[in-house]
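**Q** Questions regarding the structure given below will be posed in turn.
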Amino acid sequence: MGTHPRGDAVILDNRIPQKTLGQWIADNPGCLGSKVKETFQGQLPFLFKVLSVNTALSIQAHPNKELAGKLHAQFPEHYPDANHKPEMAIALTPFQGMCGFRPVEEIVAFLQEVPEFRALIGNVAAEQLERSVCNDPRGVSAALRVCFTRMMKSEKKVFVDQLNMLVKRISQEVAAGKDTSGSSGKLLLQLHSQFPGDIGCFAIYFLNLVMLQPGESMFLGANEPHAYLYGDCIECMACSDNTVRAGLTPKFIDVLTLCEMLNYTPAPSSSKIFAPTQSRLDPCVYLYDPPVPDFTVIKIEIPSSIKLYLISAIDSASILLVIQGTAVGTSTAAISEMTLRRGSVLFISANESVSLHLSSLDGMLLFRACCLL
C-alpha cells in the first residue's frame, strides 16, 4: 500500500479518473500536507504492508541513504531506487524474527557448543572473538566483523558439508530425546527444512531471535541484519525496495556489500522490541513513532462500547487498514459513504477526518500509517 513504482496502489473507485494512488497524488500534491510535500518533494514517503510469513523471509539489511545512492547508480538492476529503507514490523499474531547481532557471550557460547560452526569460522577468528569479550566495544565489533565475514565468504562445499554434519547430529540428538537448545536445534532444523544447504542456517548463531506478542514491534534501522521467520505482521517502511541479502534465499546475495555495511554492535534481543505509547488525548490510540522522519504508525483499538468514532485529521496523508470489525465510514472529502471491513484500505488526505459508525459487536482494530514531522 503506497506509491512505489514497483507496486503503485490501485484505486478501487472507478469514478476517480486516476487509476493509481501515485497518479492521484501527483495530480493532487496538496493531499500530502504542506510539511510532508516540502520535505519529501511531493512524494508519499512510506510504504505500508501486511506480511504473512509461513516460510522464512531472507536474512537481509537495508542501506542508509548514502550507500543506497551509490548502489543504485552502480547496480540499478539489484537496487531499484536511491532511498534508505528503515522499517518497523508490528506483530498481529505471535511473531518470530531475527534482528541484530547477539551479545558476544552468546555467540562465543555457540562457538564452544557447536563444533561445526566453529570449524566454519576457523579457530583464529573464533579465539579473537573469545578474547574480545573483555575488550572495548570497538574491539568486539572488529572481531565480530571478521567472524561474520569468514562465514559469509566460506566456500560453498565447505559450509554445505559442515551444515549437513550439524543437521545430522542435531536430528540424531532430537531422536534420542536430548535437549538441543544449546545449539538452537529446533530453529536450525526449521530453517534447514525450508532452505537446505543455505548459509543463512548458520546465521542463527550470530543474530538475536526475537519473539513478539501481538501489538509489540521491532524497528530496523539502516545496516541492521534481520529476517522474519514466522507469523503475521503489519510492516511500515520508507518508500524503497533496496535490500542487501545474506541468506535464506534463492535471490542475488551481495556478500561484499553486506559484510562491509552491517552494524556490528551486539545488543540483547530485548533491546530490539519497540513499545508503542498511548495517546494522552485518545485512549483508543497507540503511537509507534520510530527514530526516523519517514513514517509513524498509529494503532486504533476501538472497544465494543463505542458506536461512533472519529478518525481525527492530521497534517499528513495517511493510509488506514482495517484488521478487524465493521463500520460505515463517512467524510466530507468522500464522494459517498464507505463500507469498512477486515482488509479494507483507505487513503486519507492531510487535514481530513473520517467518522466511523461501528456495526460490529466486538469493536474494531485499525492501523494507520502516516508521516508526523
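Note: Cβ is positioned from N, Cα and C throughout, glycine not excepted.
Bear in mind that the values here come from a model prediction, so they are computed numbers and not experimental data.
According to TrEMBL, the protein has these features:
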type	residues	note
ACT_SITE	ARG245	active site
BINDING	GLN60, HIS62, GLU87, HIS226	Zn(2+) binding site
DOMAIN	1-104	domain 'Phosphomannose isomerase type I catalytic'
DOMAIN	120-207	domain 'Phosphomannose isomerase type I helical insertion'
DOMAIN	287-327	domain 'Phosphomannose isomerase type I C-terminal'
**Q** Taking the centroid of the Cβ atoms of GLN60, HIS62, GLU87, HIS226 as the Zn(2+) site, which other residues of that chain lie with their Cβ within 8 Å of it, listed in sequence order?
**A** ALA61, LYS85, LEU220, GLU224, PRO225, THR243
**Q** Looking only at the domain 'Phosphomannose isomerase type I helical insertion' (120-207), what are its DSSP counts of helix, strand and coil residues?
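**A** Helix, strand, coil within the domain 'Phosphomannose isomerase type I helical insertion' (120-207): 65 helix, 1 strand, 22 coil.
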**Q** I'd like the per-state residue tally for the domain 'Phosphomannose isomerase type I C-terminal' (287-327) from DSSP, helix first, then strand, then coil.
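**A** Residue counts in helix, strand and coil order: 0 helix, 21 strand, 20 coil.
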**Q** Run through the domain 'Phosphomannose isomerase type I catalytic' (1-104) and tell me, per DSSP, how many residues are helix, strand and coil.
**A** 28 helix, 25 strand, 51 coil
**Q** What count of other C-beta atoms do you get within 10 angstroms of the C-beta of GLN60 (Zn(2+) binding site), across all chains shown?
**A** 24
**Q** Give the mean pLDDT for the domain 'Phosphomannose isomerase type I C-terminal' (287-327) on the 0 to 100 scale.
**A** 97
**Q** What Cα-Cα separation, expressed in whole Å, is found between GLN60 (Zn(2+) binding site) and the residue listed as 'active site'?
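**A** For GLN60 (Zn(2+) binding site) versus the residue listed as 'active site', the Cα atoms are 4 Å apart.
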**Q** Among the recorded positions HIS62, HIS226, ARG245, which residue has the largest number of other Cβ atoms within 10 Å of its own Cβ?
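**A** Max Cβ neighbours within 10 Å, all protein chains included: HIS62.
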**Q** How many Å lie between the Cα of HIS62 (Zn(2+) binding site) and the Cα of the residue listed as 'active site'?
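**A** Here the two Cα atoms lie 9 Å apart.
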**Q** How many other Cβ atoms sit within 10 Å of the Cβ of GLU87 (Zn(2+) binding site)?
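**A** Result for GLU87 (Zn(2+) binding site): 24 neighbouring Cβ atoms inside 10 Å.
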**Q** Could you state the CA-to-CA distance between ARG245 (active site) and HIS226 (Zn(2+) binding site) to the nearest Å?
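**A** Cα-Cα distance, ARG245 (active site) to HIS226 (Zn(2+) binding site): 10 Å.
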